[in-house]
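See below for the structure under consideration.
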Amino acid sequence: MHPARLVLIWDILIIGTLYLLQGVLQGFGQSMPLYLASHKASWKQQGIFSLVSYPYSFKILWAPVLDSVYSRRFGRHQTWLVPTQFLIGVILFILGFYLDFLLKNSCVVELTIIFFFTCLLMSIQDIVVDGWAVSLFKNINPQWASTCQSIGQTLGAFIGSTVLLIFESSTFTNKFIRKPLSLPDQPHGLFSLQQFTLFWAVAFLIVGTLLLLMTLCNRRTNKIIDQVKEKEPEAKLTILQTYVDVWKLLKKRCMYKLILITTTFGIGFAATSSMTDLTLIKYGTTRDTLALISVPLIAIRIVTPVCLRKTRRPLVWFTRAYIPRLIAGLILTIYIFFTPQLLHTSAFCPGLILFLALHDTMVCLMTVSLFGFFAHVSEPRIGGTYMTLLATLHNLGNALSSTVVLYSAEWLPKPYAYSIEVGVCAILGLIWIASMWRMARGLGELSVTDWYLKPEKPDTPGTAKGISNVYIIDEDIFVSSSNL
């Protein structure tokens, strides 16, 4: 196998693993409110715990620091990744011994502080890994960055939420695993919360150690790359320069249009995204059933990014999937409307899985395409900050549309609130795609350098730049310029 292909596979494994760990913690944090509810937490306490997600809403504030403050000798990305991995591992290891106690005694404030700090560290890792992925795959195929993120975070979130909720449950384990195997019932599942937390604590520590060892073993590589970068005085920016660059990005005409598209496209799907699970629960579907239904959907969330990994026109796929997603949402809504009549029939779950699968395919197609475009246009010089800015705007638009939908649902007849909201959102979505179709296609046709603040100079033969997947061959050493 060609050395370049081996390095690509290695890069994919590294980035995919880091996104997987990130997804596990995200899913773990999303599962905590369910455990709090089982211990009779009040709505006020649930509201307090919801504060743990705030670091992701404001990570653009410290993204420029991560892009501009680092050790060249140690590695631009490893400077932040290695200590972050170790800190998260230590926090989870300590938490593992006290989590059950904190839950049973409703120590919500303490749990909120611990998970808030963990989420803060995860937001740092998210920024750094986004930037690293942009630089690693920029010269081969930027879509790999989005593919690794989608697959890694999807698998991680699945493990941290669905797998945890199902196999930590003594009821599920006794009924579907121990009983068929003629094993005696037990008061616990296949594993406990403590065991789950300690396992992933060790996983973070192991990955952090491997990153450290690989970095230390590549001292010579780092020196070579440092010599190259010394010829590029602007390769490393100051914090102030990075914040100024963010401001300049927001003033670009193409960025205006992308911000408009990114923050408004979700209005067509806001009701389906934010109200579907709540409506199913309202109609009598249990949390365990929803968790089990999500199992077959994991395949869609993995296969779809892989299918799009080679596309060079991500915004074309983004716009093509818009109307099919609206239609899939309407079909799902009609089926859910009849849930009270179908809930206790054998056809309910297979039908729900089918329509959720259709809907999730469109969701994945649009999400992977959009984030692939983000990776495509992000300038490697400030890759982490660039990706974080675009991702933050995307998340902000979805959050605002969901808030509006949930708030307005209070004013509608309760039995029909979900159906009415989905219908109104679908009409707004049709108006949106009719208005934004040409704009989105036009942005997709722009040159990559049109999105850069400082277009890169063309490479000259024998010159290695500080962008990944451009390789330096020194004697018998095959070196990736990613500093690993």
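Keep in mind that glycine also has a Cβ here, set from the backbone N, Cα and C atoms.
Lifted from TrEMBL, the feature list:
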type     : residues : note
TRANSMEM : 7-28     : transmembrane segment
TRANSMEM : 79-99    : transmembrane segment
TRANSMEM : 111-134  : transmembrane segment
TRANSMEM : 197-217  : transmembrane segment
TRANSMEM : 258-283  : transmembrane segment
TRANSMEM : 289-308  : transmembrane segment
TRANSMEM : 315-338  : transmembrane segment
TRANSMEM : 350-374  : transmembrane segment
TRANSMEM : 386-409  : transmembrane segment
TRANSMEM : 415-434  : transmembrane segment
Look over the recorded stretches 79-99, 111-134, 350-374 and say which has the most C-beta pairs under 8 A to the transmembrane segment (197-217).
79-99
Of 111-134, 289-308, 415-434, whichever stretch has the most CB pairs under 8 A to the transmembrane segment (386-409):
111-134
Spatial neighbours of the transmembrane segment (289-308) far in sequence, C-beta under 8 Å, 6+ residues away:
143, 146-147, 150-151, 154-155, 158, 161-162, 165-166, 277, 280-281, 314, 317, 349, 352-353, 356-357, 360-361, 364-365, 368-369, 372
Under 8 angstroms, Cβ to Cβ: which one of 79-99, 111-134, 258-283, 350-374 has the largest number of such pairs with the transmembrane segment (7-28)?
111-134
Which sequence positions outside the transmembrane segment (415-434), separated from its termini by at least 6 residues, show Cβ-Cβ distances below 8 Å to it?
264-265, 267-272, 275-276, 279, 319, 322-323, 326, 329-330, 333, 336-337, 405, 408-409
